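Per TrEMBL, the feature transmembrane segment maps to B:7-28, B:34-53, B:60-78, B:90-112, B:141-158, B:186-211, B:223-241, B:253-276.
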Amino acid sequence: MASILKVENLNSYIGQYTILQGVDIEVKKGEAIAILGRNGAGKSTLLKTIMGLVNTRSGSILLGEDSLVGIPTYDIANKGIGYVPEDYGVFDYLTIAENLKLAIRNDTKDGDDRIAKVYDIFPDLRKASERMARTLSGGQRQMLSISRALVNDNKIILIDEPSKGLAPVVIETLAVALKEISKESTILLVEQNFSLACAIASRYYIINEGRTVVNGKIEDLIQDTQLQATHLGI
Amino acid sequence: MDIFLTLFINGLSEGALIFLVSSGLAIILGLMGVVNFAHGALFVWGGYAYVWIYQMTNSFILGILAAMLIVFILGIIFEKFFVSRLYGNAPAQILITLGLNIVFIEIIRLIWGNTPIAIKKPDFISGTTIINGVTISHYRILLIIIGISVLIIVNYILKNSKTGMVIRAGVQRSDMVQALGINIRLYFTIVFAAGAALAGLGGALYAPLAGNVISTAGANNQILAFIAIVIGGLGNFSGTAKASFLLGLMNAFVAWFIPSFAVVTNVLVMAIVLAFKPEGLFSEGRKSILRLAVKK
């Protein structure tokens, strides 16, 4: 199957600090891939580097045949990447409906239908659609953030720690929704919550100190407690 | 009673003029956090551009449109070549916009000289009407209409258009706006230029009211505009509108009853607001300077 996203020997930096120093990943159409690793390993930076929010020093990032290195963030997004940051990135002074409307790209013709569809996935958002985002709970903000990535026909969706800071009951709801979304979308998921990652992803990459060190099928990782202990501290 | 009505209309028209200048400042400050000290120069350029085109064409409308267009282009130049390099660096922004203010005022002096250029109100709007003993200047009524129209249009754009949504979103998270596929830099340029064009409109409308245009006219109007945005709440658009009209009315009444207090009162009110309600008189409790008060 053709790869949607291919990252090779990626090095990136923030200020004077090199964060990524050799990341290789490949995501194929329809896959859900988990990026795992300890705190500070460079997982979130990988997503930010793909989005052009962190500077690339060397290496390549290909979306299909298109290189994403050195082009502005808005161009990267317009090539068909949805991004869900770890702090949700919702706009507090816009309503839920406005947050969704703003996310619809010019080339998306069925935006209204897609908004109706995300309201079906997250009915809470439909009920509160005219509420300002600043009044939402953490779980609702996360739902809104994910929904924004669903209102376009994206080639891939990058999701950064969707369970972060959420109550277990909310994480369960989110897991069900993400599993459903993964049936129709290609997902690159950064997640600290091992069980959530296992519930959604079919393959994984482990990043340690800015490098990809191991990859494989998620069911093999579930069996390999030694690997979990070494790289994930579980 | 007659004098009160006359002063009220004069005050509203002064307020409309202050609002045209301060609204541009409020938008630029609200979206981009840029304190634009070159706004006075943009105001004066609006005045001179109006006079230049009006003297050539004898058309009030063309003069106004040309003034807005020329100052819009100046706004693009200011943002693209100077301000855009200094986002997030307030001291550098202040210095560079102050520098631009001086340079562009000097350019005016080079082109048009240092002496005031007289300009009359257009004939169709220069008259007055007396209703029940109250003298109403047609030009002042026009200023009030334009001021209120700009307030309604800009408010509508901020609340209901995609541009407005981008502005409100960009105030908070410009990186995330970009991650949604929107070129926020382009919006920054357009908004800066639009704010500049409003200053140009103010300058163009001020010249016929004052009866002349002079290169120093920007300083006083810029100070009034800054007072309005401080009283209204820095970066708060609707608060700035209320503050502008309040200042206009206050100016008119104080200048009539206690003329020597006219200037002092503005600064005094600003000082009191800064001391006791630094988030602004009309800020509705919001303390950040980077909030456009656009309520749904």
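In case you wondered, yes, glycine gets a Cβ from its N, Cα and C as well.
Remote same-chain partners of the transmembrane segment (B:7-28), defined as residues 6 or more beyond its termini with a Cβ less than 8 Å from a stretch Cβ, comprise 34, 36, 39, 42-43, 134, 136-137, 139-141, 143-144, 146-148, 150-151, 154, 167, 191-192, 194-199, 201-203, 205-206, 209, 221-222, 224-226, 228-229, 232, 234-237, 240-241, 243-253, 256, 292. Stretch with the most C-beta contacts under 8 angstroms to the transmembrane segment (B:253-276), considering only B:60-78, B:90-112, B:141-158, B:186-211, B:223-241: B:223-241. When the stretches B:34-53, B:60-78, B:90-112, B:141-158, B:223-241 are ranked by Cβ pairs under 8 Å to the transmembrane segment (B:186-211), first place goes to B:60-78.
Sequence-distant neighbours of the transmembrane segment (B:34-53) (same chain, 6+ residues past either end, Cβ-Cβ under 8 Å): 21, 24-25, 28, 59, 62-64, 66-68, 70-71, 74-75, 78, 83, 87, 90, 93-94, 97-98, 100-101, 104-105, 108, 111-112, 117, 119, 192, 195-196, 199-204, 206-207, 213, 215, 217-219, 221-222, 225.
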